[in-house]
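What TrEMBL says about this one:
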type     : residues                    : note
ACT_SITE : Glu121                      : active site, proton acceptor
ACT_SITE : Tyr133                      : active site, proton donor
BINDING  : Ile87, Ala88, Val89, Asn126 : acetyl-CoA binding site
DOMAIN   : 19-170                      : domain 'N-acetyltransferase'
Amino acid sequence: MNARLRPEGSTAPVDQLAYALRPMTPADLDAVERIEQTVYDFPWSRGNFADSLTAQYHAQVLTDATDTVCGYFVAMPGVEEMHLLNIAVAKTAQGQGLSLLMLDAVALLSRADGALLLWLEVRPSNVHAVRIYERYGFYPIARRRDYYPSLDTQGRACREDALVMSAQVVELLQRRGLRPD
């Protein structure tokens, strides 16, 4: 998927925005790691991303007109399902609808892979992300106890549950007005 993309709600011509999604490569890992380190308190390691590439998961980067990486996602295909493992937008690019652009790409890739269901885990404390996923069409289906590393109010190591969210791929595509190629 190498195409110019328009963030939701933007009225600027696509050629001025010039966002593009392309497969993540080892050459992108420095930029991906920089973003990961700034947006997550408990980030994935460079090795996690490299392993995802080796495993041939769907890993894509979102770039701007200067080919600067401003976001990425990693999704793992399964039997009739897709598991969104990681998605992030650089802090400097947040608030422009870029996460929705990437979720559109994940939904389209899911459909192309024959997935019926798309699911993810998110920290319940990440209220902003939960709202984005709900707005997109995901709904909560379960909790995974003590899933994420965390810190308590005293700065001591502890664990946080994960909210498991899911969506039917066809419903997402219809809701978003997307048609698979």
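Note: Cβ is positioned from N, Cα and C throughout, glycine not excepted.
TrEMBL annotations: computationally assigned, not manually curated.
Listed in chain order, the residues near the acetyl-CoA site other than Ile87, Ala88, Val89, Asn126 are Val39, Tyr40, Gly71, Asn86, Ser99, Ala129, each with its Cβ within 8 Å of the site Cβ centroid. Of the recorded residues, Ile87 (acetyl-CoA binding site) and Glu121 (active site, proton acceptor) place their C-alpha atoms 11 Å from one another.
Summarising the environment of Asn126 (acetyl-CoA binding site), the number of other Cβ atoms within 10 Å of its Cβ, over all protein chains shown, is 16.
With respect to Cβ neighbours within 10 Å, the recorded positions Val89, Glu121 differ, and Glu121 shows the lowest count. Cα spacing between Ala88 (acetyl-CoA binding site) and the residue listed as 'active site, proton donor': 13 Å, rounded to the nearest whole number. It is 17 Å from the Cα atom of Glu121 (active site, proton acceptor) to that of Val89 (acetyl-CoA binding site). Under the three-state DSSP scheme, Asn126 (acetyl-CoA binding site) falls in the coil class. Within its own chain, Tyr133 (active site, proton donor) has Leu120, Val122, Met165 as residues 6 or more apart in sequence whose C-beta sits under 8 angstroms from its own.
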